[in-house]
Every structure is written in structure tokens, then in C-alpha cells.
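Participant: So that we are looking at the same thing, I have put the structure below in C-alpha cells.
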Amino acid sequence: AALALLCSSAAAVVVWKWLGKKQIQKKMEEARRTRDEGVKKMAKAVQQFREQVPSVQTDAILSLPLLELTGRLREGSLSPKAVLYTYLERALEVTQQTNCLRHFIPECEEQLQEIQQQREKGLLYGIPVSIKDHIGHKGHLSTCGLVECLGTPVQEDSVLVKVLKRQGAIPFAMTNVPQSLFNYDCSNPIFGQTLNPFNHQKSPGGSSGGEGALIAGGGSILGIGSDIGGSIRLPSSFCGLCGLKPTAERLRGGPVCLLNMDVCSRPTPVPCALGPMARDVDSLALCMKALLCQEMFQLDPTVPPIPFNEEVYSSSAPLRVGYYDTDSYFPLPPCMRRAVRETRGALQAAGHQLVPFSPPRIPYVMTELFLKTFFADGGRAWLDVFTGDIVDPSLKPQVNCCKIPRLGKKLLALILKPLQFLVLLQLKNVATLSTCRSVKEMWNHHHQIQVYRTEFIARWRELRLDAVLCPVLGPAFTMGYPGKLLTAISSTMLYNVLNFPAGVVPVSTVTEADEEELKLYQGCCDDPWDRTLKEAVAGAVGLPVAVQCVALPWREELCLRLMKEVETLSREK
């Protein structure tokens, strides 16, 4: 009787799990069907417009830089309708090739009517803008790539979307993200994998990967992403774009993903920042200028009322710039270090002062400050996000590490202790995920982050720096590799821990010589992680190569100033 009861209980569990999976599949299929219907409706609307106005110069509109496009819209030589439908048509083509869109925003046609009735034309009048999946838009889902978020649409526009609309922008699309946002690939079980528009074997980066692919493919001229470990800067690096992660409190988004565990909405000493992505630095500056307005300061009183300082951005005074081409933690591929060296030379030749700079204690920052912030509980809260969901293959390495019991993690660390130092470090990063075992320990962790920030700023001020030039992870990884190399993001993660504004600018492309030099790359110890990185970036000839520019907190204009200088010099070259 006991055996029969046990068998029937086991059968019931199996049936229950099977029914649960069927329910998940049904929800995902419904979400995909809704997206596909939206794409068809938008394609039909675009076709109708093309039939009504066949004379629209599509290529001419798509080739205009943002500053020129805003000028043409404001003077009336281009109509907002022609610009919107031109970008909608191009976005349809790009998403067909790369799967970068999660959803079109049909209300963009209502916003088009709305801006034409506004008494004053805002700074982004008539500009179609794409936004990352988790940035709240009224009437639309904010999914974070999770089935649990498929039920309830957002009830009101986020602050950032309200301000964009107030400035005359037209949000027209929401872009794809990795599941839970905690990945720098761009794949989730609901809407699938987004591809890099330059090479479909490569990742567009993440977590703002849909934005990266859409803008790089020409389907959007301006996008809004978010960044908590490099999520604006990595897609910008992988896709050859300019992207800015501001000081986190400089912009606010308002309500985002409805899950408490959305990495961009939970309280943390390493805050999430919202920021712009575009094809040139002037576009980022215009977006910041538009967003840092009275509307933003009134809608969210926690945003410091500091308007954009045009004088700092436009200055031509020589800068004193610190530089480094490696953080001595995770050595980057030869082409990324070459980019820093060449940019340093160009800046020096242009009259700027370049000073060697060495960021302190990066292994400590990575293991004890950054990862401990997100996995203070050993990753349990993050794992809860996947309850009743299917884990995306790109996240399985991290999820499986978090599932190892605490005792098992300690045993693994002991077994591997005799091996190379970096191997042990890597294990600590993604397997042991050193936890905060008490509230007191958590407060101490927060305090240690403040201590490190103070130390870093002191070193910066000793050298009297205006800004810093440094590498960013790249070139674009082959699909599936970002999930295997979480710790490779040390180049971007550092400035999330510090909460410094940091931006990425493309300066070159991967050459045949870079590819040859990569064959000799051994990283730090020629260990499994170094070899995996080598595999991840191989076959990248012709793909974008970028550098990173950094300034002190609240000095976004200075960061953009250096980025603009770098962009100008690289284009001249």
C-alpha cells in the first residue's frame, strides 16, 4: 500500500510538472503570436503610407545624423510622419534579419498627432525613439524576458518615456533583452536570440542588445538602454555604436519590470543607470540635454535639478587624461588594447596631456564588491525569478553555479586551491558567490564600496585628471560565449561600482593583423577562461573596435567631451 501511494504521488508530481510546462509554453506562444500580429499590422500601416506618399526619400532620411534630422524637422522641410514611417519600415527589415524587436508601439501614431498639436517644438521633435524592453510604456508589457511578467501591462508611462514625449520624441518600438537582464548576450525563451547585424554568428551584446542591433542596423536613430555592469556599453562596443552610462541618479526611468528581482529596480549599492545609445556622440549629448529638463526634475524630485552644461561639452580646452590598456584582471584581446594605444597617441598629437593611470585592486572589486552586491544571498532571490519558467541556455552556467549547495561550493574551492590563482578567483566569482551571512556583514559590504570609491577618487585627484581613457570588452563575442565568461566584464563593471559616468566610442575595426596576434594571446595565465575568451572573439575581422571614456560623478558633459574628441580624431584617421 505504501509503495502504491509512493508511486501514485510520484506520478502526480510528474503530471503536475508536465501541466506546468504546457502552461508556460502556452503563455510564450501567446506572447510570440501577439508580437507577430503587431509586426504584421505595422507592416500594413507602412505599406499604406508608401502607397499614399511614394515620393519619400527613404535613404536620404536614414542617412541624416540626429542633429541634422532634428533641424530639418523643426524647420519643416521634413515631416514627422515621413520620418516615423521611414524608420518603421527600416526597423521591420532589421528585426526580420536580427530578431531585435520585442514589440512595436502602435500608439506611436497617436503620439505623432499629439506632437503636431504641441505649442512648442521640443528638442527631439518628431524623432522616433526605441526603448529597452523593461522601460515602462503605458499599455505594454515590461517582460525582462520572463514568463512571469507576461500577464500585466504597465499602467502608466515611466518618467523617462513621459519626458521623451514632452520633448516631441515618438517612442515606436521596444527591444529584446536577455532573460532577467543579468547577461551580456541577448536571448530569452520567449522571444528568442537577437543577432549582431554585422555578423549573424556573433552576439549584439547585452543586456541592451536589442537596442544595439536595431540602431546598428539603421532601424532606430536613438535608443534608451540601461546599464548595471556594462549593459549599454557592451552592446555599443559589440555593435559599433556610441553609448553613455550616466551617473545613476542623473536620469530616472520610473516604474519598470513588475518583478521585484528586476536587476534595474531593486535597491542596491551598485545602482542601475539609464542612458542613450546612438550612432554618434552629438546624438547622446542632444538626448541628455533633452532629458535633463524641468519636466524630468518635476516628475521625479529625486533627480538633482542639474541641466545639461553645454559650455563644458563644447569647450576646446586641452584635457588632462589618465589612461590604461589593461586592468590586470582579465586581459582583453589585442585589438582592444591597440585601440587604446592608438587613441592615446591621437589625443597627445592633438595637444591633450596623457597620464598613465592604474585602477586599484580590480580582483577585489570584482569578487568582493560587484558580484557580492547581486549575490549577497548566494543567488537565491535571483533563482526564484526562474520559478515556473524555462531557463534560457545562455544563462544555464550561472544558474547551475548558484544551485550548487554552499558546502559543495566550499569543497570545490578547496579542491581547486592548488591550481592557478586566477582559476580560483574565477571559481569564487561564479560558483561560491561569497555571500553576506548577516545584516551586519551586508552593512560592512556597503561601507567597503564607499571606501573603495574614496580611494579611487583620491588617486584620480592626485593625478589632477579631467577624464580617463581605457579599454572596453570586445570585439563581439560568438553566440553562446557571454554566458561562459561573466567575469570578463571587469572593464565596464568597475564604473558601475564607482557610479562614474562612462561611455563607449567606436574607433577602429578588427584587422587581419589583430586576428593573427590573437593566435598568440595567452591572457593572464593561459587558463581555461583565457582560452575561452580567445575562442569567443575569434573570426571578427571587420567588426567594430571601441574604447571607453570615463569622468567623475555628475560630469557627464566632460565624459561626452572626451568621447567627442576621440570620435573626431578617429574619423580623421
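Quick reminder: no glycine exception, Cβ is built from N, Cα and C everywhere.
In case it's useful when we look at the structure, here is the feature table from TrEMBL:
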| type | residues | note |
| --- | --- | --- |
| ACT_SITE | LYS132 | active site, charge relay system |
| ACT_SITE | SER207 | active site, charge relay system |
| ACT_SITE | SER231 | active site, acyl-ester intermediate |
| BINDING | LEU181, SER207, ILE228, GLY229, GLY230, SER231 | substrate binding site |
| DOMAIN | 83-560 | domain 'Amidase' |
Participant: Taking the Cα of LYS132 (active site, charge relay system) as the centre, which of the recorded positions listed as SER207, ILE228, GLY229, GLY230 lie within 10 Å of it?
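Facilitator: If one measures from the Cα of LYS132 (active site, charge relay system), the recorded positions that come within 10 Å are SER207.
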Participant: With Cβ-Cβ distance below 8 Å and at least 6 positions apart along the chain, what are the contacts of GLY229 (substrate binding site)? List them in sequence order.
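Facilitator: Listed in sequence order: TYR184, PHE370, ILE489, THR492, MET493, ASN496.
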Participant: Taking the Cα atoms as reference points, how far is the residue listed as 'active site, acyl-ester intermediate' from SER207 (active site, charge relay system) in Å?
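Facilitator: Here the two Cα atoms are 5 Å apart.
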Participant: Max Cα-Cα distance in Å among LEU181, SER207, ILE228, GLY229, GLY230, SER231, the residues listed as binding substrate?
Facilitator: 11
Participant: Give the sequence-ordered list of residues that share a chain with GLY230 (substrate binding site), lie 6 or more positions from it, and have CB atoms under 8 Å from its CB.
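Facilitator: Residues satisfying the criterion: TYR184, VAL472, LEU473, ILE489, SER491, THR492, MET493, ASN496.
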Participant: Between the Cα atoms of LEU181 (substrate binding site) and SER207 (active site, charge relay system), what distance do you get, rounded to the nearest Å?
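Facilitator: That comes out at 5 Å between the alpha carbons.
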Participant: To the nearest Å, how far is the Cα of SER207 (active site, charge relay system) from the Cα of ILE228 (substrate binding site)?
Facilitator: 9
Participant: Ranked by the number of other Cβ atoms within 10 Å of their own Cβ, which of the binding-site residues LEU181, ILE228 ranks first?
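Facilitator: Selected residue: LEU181.
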Participant: Looking only at LYS132, SER231, the active-site residues on record, which one has the least crowded Cβ, with the fewest other Cβ atoms within 10 Å?
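Facilitator: Each of the active-site residues LYS132, SER231 was scored; lowest Cβ tally within 10 Å is LYS132.
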